[in-house]
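Heads up: the structure comes next, in structure tokens.
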Amino acid sequence: MLIEAGHFAFGLALGLSLLQLVLPLWGSRTGDRVLMAIAAPVAIAVFGLIAFSFATLVAAHVTSDFSVENVFQNSHTAKPLIYKISGVWGNHEGSMLLWVAILALFSALVALNPRTVPFALRANALAVQAALTVAFQLFILFTSNPFRRLDPAPMQGRDLNPVLQDLGLAIHPPLLYLGYVGFSMTFAFAMAALIDGRVDAVWARAVRPWALLAWSLLTLGIAMGSYWAYYELGWGGFWFWDPVENASLMPWLVGTALIHSIVVMEKREALKIWTILLAILTFSLSLLGTFLVRSGILTSVHAFAVDPGRGVAILAILVVFIGGSLAIFAWRAPLLRQGGIFAPISREGALIVNNLLLASACATVFLGTLYPLALEAVTGEKISVGAPYYDLTFTPMALLLLVVVPFGQRLAWKRGDLLGAAQRLLAAGLVSIACMLGVVAFTTGGPILAPLAIGIGVFLILGSLTEIWVRAGAGRTPAIVLRRAIGLPRSTWGSVAAHAGLGITLIGLAAQAWSHETITAAKIGQTLTVGRYQAKLVDVRDRPGPNYQAKVALLEVSRGGTGLGVVECEKRSYPARETTTTEAGLLTDGTSQFYASFGEMYPDGTIGLRLYDKPLVLLIWLGSVVMAAGGALCLSDRRLRIGAPSRVRPRSGLVPAE
Amino acid sequence: MTRRSRRIAIIAVSGAVLALALGLALYGMRGTIVFFRTPTQVIQEPQVGQRIRLGGLVETGSIRRGPDQTVTFAVTDGASRVTVHYRGLLPDLFREGQGVVTEGAVEASGSFRAATVLARHDENYMPREVADALKAQGHWKDGKVPAAAAAGPADGR
């Protein structure tokens, strides 16, 4: 009965979404503020209804109500509670419902924060957001209804794909969706600005928190997904340049460009049209990602049950929204007035370089991801574009960008002094070069790019910290520097943290050039060596799990004679789906890891093992967390909490000399 | 600097960077693309040493394990079969009669040396490329893998 209530609430939400779409637009055309004011309460109601229908589906999964087809297909009574809950979005229908719920959540959040967003902008943005909500609600109701019943109800469910039964996978999709869908809000604001025909610093200030929020969550979501791939797939890899991964990387790259160009717009009223275009492109790439992942064009763990009808429907949504928004952009953008003149060597100029390189890097990923699909559609020839392509195209551009970043941070707005910036960065630069040479001197093997990347990573971290040092009054007594540093705006600390986090991630990535792999078969009692670690196979035993049977190999790990502990790696077999999964054994040693993965049992009693020495590998994800924390710090800045300044205030107050 | 000259400068720089990116991309594409081939295509026109992806079904009863983690198996599309040599751990879902994609190169002997065996698959354990290859050979109906295709070519070399 509950699930019918959820179904009904979802239908009701569709009706309200239609109101949220039509009334505010009507109101803004006729100048009727009452109609425009309806948008906010309706948006909150829509979210409440969708959240309720989502909750009913969660309840059905938790209680293993197999009369609901979605539960039958993806759940099992023996499954642990946490995976019963995460199983709600571990399938196509449920994940689309989560997608819509997050769309509505962002609408509601905007509706609940009236102070930060101008009235007309909010009404129009909520209408655009409602258009998206309606499209995806129709998609769910007509092609992927999670509320469908089965009669008669089966006794037992088919269980969730075991690869997805993992804590990382319980968290990764909601985070990624919050990021992906979060950019719908900036998209909605961009469209509202085009409808309004006006975009200025107030717009930028209203939109920036949403872009930052979405960006931080997307950063965490991507990092989480990559860590999951690292420990769950048993290959020790964390990024495969798989189209599904690229689909999340592309909005991240353009979104990164967006959060930078919004700053230019907020401070200097320049790059207006470009920023609007970026906002449109970021969400378009999110939509494209959804299409690639959900349509079944690509084969992966993400492509649940494949149904061509759904692919066509998502493609139609894609065409309508991307095509429509670009058409409106082409029609309305020339009406926007440009402002803010600046010299090429200036903060604005540096941010243009940032945007250019990010957009180009995204373009190469786009090409590498879509070219094989296009080629197959046209000629039928099947190809794959892998890491070597991205090493040649994406990596050089990314490294070039990262070298430039600290210089950009040190340039003044409007007209900068490149020589002065270089002088202030001299210390950071020298230390980085010393690090680079040190790495070259003390390591053997590994590509030449790796020490270079480590040097750039160090430069990024130190260069960002230089910002704090200089602004806190370099050279004064430590007490003054400390007090001033604490007094700096949180957005300054946030941006320093985000850039330093990028440096940390880069060092972690580069250090993988010195990772070691040993693939071998071993008997109990045998000692194996991989990189810096020695591992002794102590025992192999059986262990029953709640809904699987596991073989566990115990390895005693030591480095240079000192014992580090015992690692367990497992091979699990799930009877419900007749599949096996590998649970890697990880031993953390500082920020490095010893990684062991269970291969197979051989008749003579030996077992196959895959062992890795992964130096500094945790820095990759640690850096991502620091980046996201930086975004959150910027978000908590007083300026953004207080919200958009009203138009009555003197203009001079708008452009603080930062 | 006037607005006009600034705009021209920005467009010029953008154009240069985009041209660079495009050049890199095209150059990168040329050397790094890996083509997908079915066993039939490999038998008909073997390109020794060329890095390719070979996909099909693991022929039933063809898996032979050697010492030191080496394994030999045959990949078939129902019409032809190619022997594959591989050293390393096989993915969790590697098994007889089911789809597999391997990346490597054909050797002078006509057998295939795989550098990686890919575990990528959907819930039906069938890489899409393999499904298409089987369809082309007429072995694919209603999403079920027919036993005949998994058993390999009739002459059973």
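In case you wondered, yes, glycine gets a Cβ from its N, Cα and C as well.
Here the domain 'Cytochrome c assembly protein' (A:89-295) returns a mean pLDDT of 90 for the predicted model. As annotated by TrEMBL, domain 'Cytochrome c assembly protein' applies to A:89-295.
Under the heading domain 'Cytochrome c-type biogenesis protein CcmF C-terminal', TrEMBL lists A:315-638.
Annotation source TrEMBL lists transmembrane segment at A:6-27 (among others). Long-range Cβ contacts of the transmembrane segment (A:6-27) within its own chain (Cβ-Cβ under 8 Å, at least 6 residues beyond either end) map to 33-39, 42-43, 45-46, 49-50, 52-57, 104, 107, 123-124, 126-127, 129-131, 133-134, 137-138, 140-141, 145, 147, 195.
Feature annotation from TrEMBL assigns transmembrane segment to A:96-112 (among others).
Per TrEMBL, transmembrane segment is recorded for A:119-142 (among others).
Residues or ranges marked as transmembrane segment by TrEMBL: A:207-229 (among others).
What TrEMBL records for A:249-266 (among others) is transmembrane segment.
The annotation transmembrane segment is assigned in TrEMBL to A:273-292 (among others).
According to TrEMBL, the feature transmembrane segment maps to A:312-331 (among others).
TrEMBL lists A:352-374 (among others) with the feature transmembrane segment.
Distant neighbours of the transmembrane segment (A:425-442): 406-407, 410, 450-452, 454-456, 458-459, 462-463, 465-466; these residues of the same chain sit at least 6 beyond its ends, with a Cβ under 8 Å from one of its Cβ atoms. Sequence annotations record features per position, and here TrEMBL assigns transmembrane segment to A:425-442 (among others).
Feature annotation from TrEMBL assigns transmembrane segment to A:448-470 (among others).
The transmembrane segment feature in TrEMBL is assigned to A:491-514 (among others).
Residues annotated as transmembrane segment in TrEMBL: A:616-635 (among others). Remote same-chain partners of the transmembrane segment (A:616-635), defined as residues 6 or more beyond its termini with a Cβ less than 8 Å from a stretch Cβ, comprise 209, 212-213, 215-217, 219-220, 222-223, 226-227, 230, 238, 259, 490-491, 493-509, 511-512, 515, 588, 591-593.
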